[in-house]
Amino acid sequence: MGCGHKDDKASLASSQRASFSHQPHQPGSTPASKEVWKKGGRMFSILLAVHLALLACTLVSSGAFEKIAVHDYDVFFLLTVMMLIVIVWIIFYLVGTSRCPDAIPCKDSHAGPVWLRGGLVLFAIFSLVMDVFKIGYYSSFYSCLSAIKIIYPIVQAIFVVVQTYFLWVSAKDCVHVHLNVTRCGLMLTLTTNLAVWMSAVTDESVHKAHSKLKKNVTEEIFRWLLKAGMRSGSAEECNCNSQICQVFKNGYFWLYPFNIEYSLFASAMVYVMWKNVGRFIDHHSHHIHRLKFRLFRRTFFVGIVLGLIVLVSGLGVLILYEVQVNSSTESSKKSQALTMYYIFNIVCLGLMSLVCIGGSVIYRFDKRDMDRHKNPTRTLDVALLMGAALGQYAISYYSIVAIVASTPRDAISALNLTYALLMIAQHTFQNIFIIEGLHRQPPKEDHKYDSHQKGLYGLTFVNVNAVSLRVPDGGSTLAPNPAPGTEANHPSDLVRSLTAPKKMNWRRKFLREISIFLLLSNIILWIVPAFGARPQFDNDTELNFYGDSMWPAIVDICLPFGIFYRMHAVASLLEVYIVS
């Protein structure tokens, strides 16, 4: 296996000489034809991804209905073929880059941070457990099922393992061999993850629709409705009467949210790798900040305590909601559950909105410079935050219109209206806070002192670009010589440097408290809708206003984006916490 074409090698050599020399890299030194070909390779890979995504979307959406002659095993067959091709390409990539020493001349330090890869591994583990449950479920009545339904979870488990390893070791790569093949392979990987995500969301939505329908009607009417429109699941076509079969069935449906988040996390990391194909990083301007994650240092513990209170309270609300709504047919129990759900969310969203506003005000007094370096990871984070929030915005605005236009209005409608308005406000203020934090320079590290200076007390000079100034644990009584390119400090600055830490450190502490509180709150706001508490289907206002067909379709389309927003906000807030 070679290291790429000759023109790639020539371009690599010339770019390396220009980029890694002591002179700054001039954009005009690259021939225009190379830039055009780079854009052409990207465009071809994008077109490939668009066509595959449309094909997968068509099959997945068609396979959800009985009257359309597309079956679920047709969808499984397409996804299995796509995952097998991606597995082969990943092996080709890993072997090809390992054999070519110049394949990866530089790495993007911002791409694939350890907390993001750790979250990916966590979701991968739950996805593997889901695949095991799915294999056990389909194996319980394999005699009346197509073989692809058992092959699909096996291939998916292999795909998850191979892709997780690939993203763990290669997320930071800026590859420079087989450029067009790499771009197409990464786009195929991204499209496969999105197709798996669409299939999981559709399967989960159909399952929940069947559960709601079966709870409200008799068995005979339920079977008649299935024949009239929606496709039945495998359990309706084959007998799943054993206890172990029911455990497998309920288990893999409960684990669907983890598989959904895994596919979206992997898609985001693959997109950053695609953006970094053929990219050179100028190490003279691309600063690498090695930040340590210290959760219980330099904090007041207020954010952690409040966040844990919200987290535990949300878990209690979720359990009570599931018990009172899904296990009881009394309307009074349902009203109590909805009231409890809305009150909890109103309090939680109100606190989060106020905290985000406070954090944005603190940023107004922050003296750190804005980070204006090219950063595909940050660009993608901002785009995903803004794009995923549109799903919850849509649901909230639909709810507002239905509540305002409907009569009569009761207490639950008032709570629902307040909840929808606060949901819009909280998403907006939180996006502003996170984007502000992602664009701030990290605090500069303290100077290192020699061993013979440990016993003496010293001063750290003022640096206007730093977030805060701290007096070191040990150092010299005399100021060290200023580094080349920095301004010398006058003796009058020493007094200000002693008092500055007390004035500036509080900002970092408050920003950390805000970040950790928002992080824990977003976790519970992800758990509650992801694992069953969805009042959009239990509140009659929207259902009566939009109808039994339109409103569930709106929620099924928009809610997965809202759920993904919460988990992506958690990852972004963790980065804001570490940078603060």
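Cβ coordinates come from backbone N, Cα and C, glycine included.
On a predicted model such as this, the values are computed, not experimentally measured, just so you know.
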Region 'Disordered' according to TrEMBL, located in which of 16-35, 436-455: 16-35
For the transmembrane segment (115-138), find every same-chain residue at least 6 residues outside the stretch whose CB is under 8 Å from a CB in it, and list them. 145, 149-150, 153-154, 156-157, 160-161, 164, 167-168, 171, 234, 240, 244-245, 247-249, 251-252, 255-256, 258-259, 261-262, 265-266, 269, 293, 571, 574-575, 578
Other same-chain positions with a Cβ less than 8 Å from the transmembrane segment (417-438) and lying at least 6 residues past its termini are 342, 345-346, 349-350, 352-353, 356-357, 359-360, 363, 378, 381-382, 385-386, 389, 392-393, 395-397, 399-400, 403-404, 511, 514-515, 518, 565, 569, 572-573, 575-576, 579-580
Tertiary contacts of the transmembrane segment (43-63), as residues 6+ beyond its ends and Cβ separation under 8 Å: 70-72, 74-75, 78-79, 82, 180, 183-184, 186-188, 190-191, 194-195, 198-199, 202, 231, 274
Any contact between the transmembrane segment (150-169) and the transmembrane segment (253-274)? By contact I mean 3+ C-beta pairs closer than 8 Å, pairs at least 6 apart along the chain. yes
Among 253-274, 341-363, 510-529, stretch most in contact with the transmembrane segment (181-200) (C-beta, under 8 angstroms): 253-274
